[in-house]
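*Asks:* Please see the structure below; I have some questions.
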């Protein structure tokens, strides 16, 4: 038995024994301290079954606290503080940690007093370092026998707390890193190059693999996000979406383990209902995904640009008129397979353009309508066009440095998929512009980040992506920041403000839109309609077919209404 597991079992009464020593009815999952909690012998037996792949959770920030793990190291703690909130590798490679500060719950973080005991809080009690289907099957069997909560974590980029849970046994998919290039995938629904990716493959690894074979693949703007996990299962927007659709549109196969331990492959023609649900219906809900096979696209040159402008020469009113015009000009640009990802503040806009296949002359032509409009308003923008020889080079030019990128992380995220029709109509475009303007003036939630796309006509097998994506043009989210100098009560109030004030404001200004289920607030009340729309009833039928006992629970996931997390963190039947 690994020393870490032995140490954890010895500390179980102090580190995680936070509940009273009582039995709880089967309607609730057990927690450490309950009489029904698995014994040390049970956990050791599971570890043997898993060939030593069971990890006792020891939070990274235990180095910042003097008890109970005995790892206090002031210098290591200072180093951890400097990288704690960065969306690169600090939490990605940690078995039990998650990135969202509001789900860290102040239980064991670098910013509290060293005398405060390091407690697991919302973190899982144990983690399975999954190496294949057999590990998942053994963990699911153990969890159901002992009534232990199951969670699934890949990289921990998770705004809604789906990948963690108090007292849980976590399936850590992060080290399933296999990649396979398929030169000519053949199926009734697709013939061409493809890639089979293990569940733990991150964006930067998928991009490198595709690049090495002369291809590109649809993935996210943060390169440390796991491309196979909740990203694609929830839809997956990309700077390539206007050319190839969202990530879910590109999936050819899902390899999974179901709640009852079956090892299945789901495609548009085999277990097609499960394929449909996994392709847009959200991660952690229907089955445990081991791998994904997705389309690759032939690589080539990619035009790019930095485009920025502000109100310094023309005043704020003219600046906002220019923002409205920028949006009105986007449809033609996007329909050519191009995109902008950009941020909008109260007095400046900064955009990065992606134009697949565009040489320098084409880049200049594509930018001309935007530049002419700005010139007509007396605005001189910053424009830095360039042409990259391939997509990998383009991506890391604008979203690098390679391999981990520099994406900031904002835990209080709301989002809105804004219909194209609202920005092409001058009257409703003015309402959308007012929305941008109002949110940009809320200090803790500015700037407004947006990705633009056109995916209405992209070929794809039937999937469960919210229909609003097909009629949408923008996905926008305010940047809700965390402040470790503020009190927990102040941060909780900020969280509620995002859900109860900002999101309704965004909804009201954009009728016909929806909320992206991967980038949303966990307190949002209207999640069922906004995340899933008319697909929900069918998704629920698939959920009940493949997980009739609701083994898999994630906040705001399909079927999650049958569960509730109480004030102590215990998961109970609603």
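Each residue, glycine too, has its Cβ placed from N, Cα and C.
Remember, predicted model here, so these are calculated numbers, not experimental data.
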*Asks:* Look through 23, 310 and state which residue has the annotation N-linked glycosylation site in Swiss-Prot.
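*Replies:* Matching 23, 310 against Swiss-Prot annotations yields 310.
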*Asks:* Measuring Cα to Cα, how many angstrom lie between residue 118 (disulfide bond) and residue 450 (disulfide bond)?
*Replies:* 38
*Asks:* I'd like to know the mean pLDDT over the domain 'FAD-binding PCMH-type' (120-299).
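*Replies:* Taking every residue of the domain 'FAD-binding PCMH-type' (120-299) together, the mean pLDDT is 98.
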*Asks:* Tell me the Cα distance separating residue 438 (N-linked glycosylation site) from residue 476 (disulfide bond), rounded to the nearest angstrom.
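*Replies:* Cα of residue 476 (disulfide bond) to Cα of residue 438 (N-linked glycosylation site) measures 14 Å after rounding.
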*Asks:* Can you tell me which of the glycosylation sites 47, 129, 438 is spatially closest to residue 346 (N-linked glycosylation site)? Compare CA atoms only.
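*Replies:* Closest candidate to residue 346 (N-linked glycosylation site), judged by Cα separation, is 438.
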*Asks:* At 10 angstroms around each C-beta, which of the disulfide-bonded residues 64, 77, 118, 476 has the fewest other C-beta atoms nearby?
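*Replies:* Selected from the disulfide-bonded residues 64, 77, 118, 476 on minimum Cβ neighbours within 10 Å: 77.
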*Asks:* Under DSSP, is residue 438 (N-linked glycosylation site) part of a helix or a strand, or is it coil?
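*Replies:* DSSP call for residue 438 (N-linked glycosylation site): helix.
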*Asks:* Using DSSP with the three-state reduction, classify residue 64 (disulfide bond) as helix, strand or coil.
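*Replies:* DSSP call for residue 64 (disulfide bond): helix.
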*Asks:* Per DSSP, residue 211 (N-linked glycosylation site) is which: helix, strand or coil?
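*Replies:* For residue 211 (N-linked glycosylation site) - judged by DSSP and reduced to three states - the answer is helix.
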